[in-house]
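**Student:** Below you will find the structure I want to go over with you.
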Amino acid sequence: MAKLLLLTLLGASLAFVGERLLAFRNSFGAVQELEPVEPQNCVLIEGLENGSEDIDILPSGLAFISSGLKYPGMPNFAPDEPGKIFLIDMNEKNPRAQELEISNGFEKESFNPHGISTFIDKDHTVYLYVVNHPHMKSTVEIFKFEEQQRSLVHLKTIKHELLKSVNNIVVLGPEQFYATRDHYFTNYVLALLEMFLDLHWTSVLFYSPKEVKVVAKGFSSANGITVSLDKKYVYVADATAKNVHVMEKHDNWDLTELKVIHLDTLVDNLSVDPATGDILAGCHPNGMKLLNYNPEDPPGSEVLRIQNVLSEKPRVSTVYTNDGSVLQGSTVASVYQGKILIGTIFHKTLYCVL
């Protein structure tokens, strides 16, 4: 009887592991084939060779870019170099990347920028908020942008016990922002186990100097986050669940889920087209190739546009797809006046005229 029970438990365990392995491979797009969709007028931006994980474009057309992210399990072509923030003027005929100088007093050697978000104050001062992972911790850095000097002045470092494994942020007021937590565990092995078991323990946080709280939870891997043009709705990407959550924002900053838009790809960062209100999503169509990077068979890139977000049937269309021959590991796409920038975790940056 004991042997029979043991064999039954062993069989059930093996069946569970097999099911999770198959689900894990499928969730990371291990079998997805890519059909190329590429605008004709595209060029790679010179000087951006080590990633452009997140991009935020001001109404003036100045684009901030975080570069050089060192993320557990992901490739990095310049592991000994600190991260950087670049600026691109989308109004230029041939846009070029310019590294922004950071003021003294900030620990540049451990700068590891991830998600970014801009905020323009009433006096038109531009502030850049950056998710930073110094020594693989999570902080949010606040910089003031000096446009004439093309530099960043570091103002403040935000730390909090809830701000762990932070991926992205969207700023809605002075020191008021939503942040996504992409893993419950900060240990890399436990984080992998968390993904393997699909625990849905990640969340969205709200931060202000007076209050820090969880405002939405139950995500497989909360990733990109942005806000609608009228600031009434918050859009959250759940990467490994392959969907986008549409959340209503309340006066107390709590979020209520209205709908979920299902996509057949791993969703990373989100942005909103300022002309239409459409969501643009940087995606990973074959995420398993990110975890097992092979330069001979690189991960591809994909950008989706979601129109009529609040309708019963949002329309999803493909803006860009590449098998990795041009662009590897896309994370974000941001548009300005018919032009688009597509960023990556560790690779290059693509500029296209749509």
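The backbone N, Cα and C atoms fix where each Cβ goes, and this holds for glycine too.
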**Student:** Of the residues Ile116, Ile120, Ile261, only one is listed by Swiss-Prot in the Ca(2+) 2 site with Asp54, Asn168. Which is it?
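**Tutor:** Candidate listed by Swiss-Prot for the same site: Ile116.
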**Student:** Please work out, from what Swiss-Prot records, which of Cys42, Cys283 forms the disulfide with Cys352.
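**Tutor:** Swiss-Prot says the disulfide from Cys352 goes to Cys42.
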**Student:** For the Ca(2+) 1 site, Swiss-Prot lists Asn167, Asn223, Asp268, Asn269; sort out which one of Glu53, Glu81, Glu92 goes with them.
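**Tutor:** Swiss-Prot lists Asn167, Asn223, Asp268, Asn269 binding Ca(2+) 1, and from Glu53, Glu81, Glu92 it also lists Glu53.
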**Student:** Considering only the recorded positions Cys42, Ile116, Ser165, which fall within 10 Å of Glu53 (Ca(2+) 1 binding site) when distances are taken between Cα atoms?
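**Tutor:** Within 10 Å Cα-Cα: Ile116.
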**Student:** Asn223 (Ca(2+) 1 binding site): which of the recorded positions Cys42, Asn50, Asp54, His114, Asn168, Cys352 have a C-alpha within 10 angstroms of it?
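**Tutor:** Checking Cα-Cα distances against Asn223 (Ca(2+) 1 binding site), the recorded positions within 10 Å turn out to be Asn168.
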**Student:** For Asn167 (Ca(2+) 1 binding site), write down the residues of its own chain that are at least 6 apart in sequence and whose Cβ falls under 8 Å from its Cβ; none is a fine answer.
**Tutor:** His114, Gly115, Val131, Ala179, Thr180, Arg181, Asp182, Ala222, Asn223, Gly224
**Student:** Provide the number of Cβ atoms within 10 Å of the Cβ of Ser165 (phosphoserine), excluding the reference atom itself.
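**Tutor:** Ser165 (phosphoserine): 21 neighbouring Cβ atoms within 10 Å.
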**Student:** Which residues of the same chain, at least 6 positions away in sequence, have a Cβ lying under 8 Å from the Cβ of Cys42 (disulfide bond)?
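**Tutor:** Val326, Leu350, Tyr351, Cys352, Val353 - these are the non-local Cβ neighbours of Cys42 (disulfide bond), listed in sequence order.
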**Student:** Quick check for the class: what is the C-alpha distance, in angstrom and rounded, between Asn50 (N-linked glycosylation site) and Asn269 (Ca(2+) 1 binding site)?
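**Tutor:** With the alpha carbons as reference points, the distance is 17 Å.
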**Student:** Nearest of the recorded positions to Asp54 (Ca(2+) 2 binding site) by CA-CA distance, picking from Ser165, Asp268, Asn269?
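**Tutor:** So, spelling it out, the nearest of the recorded positions is Asn269.
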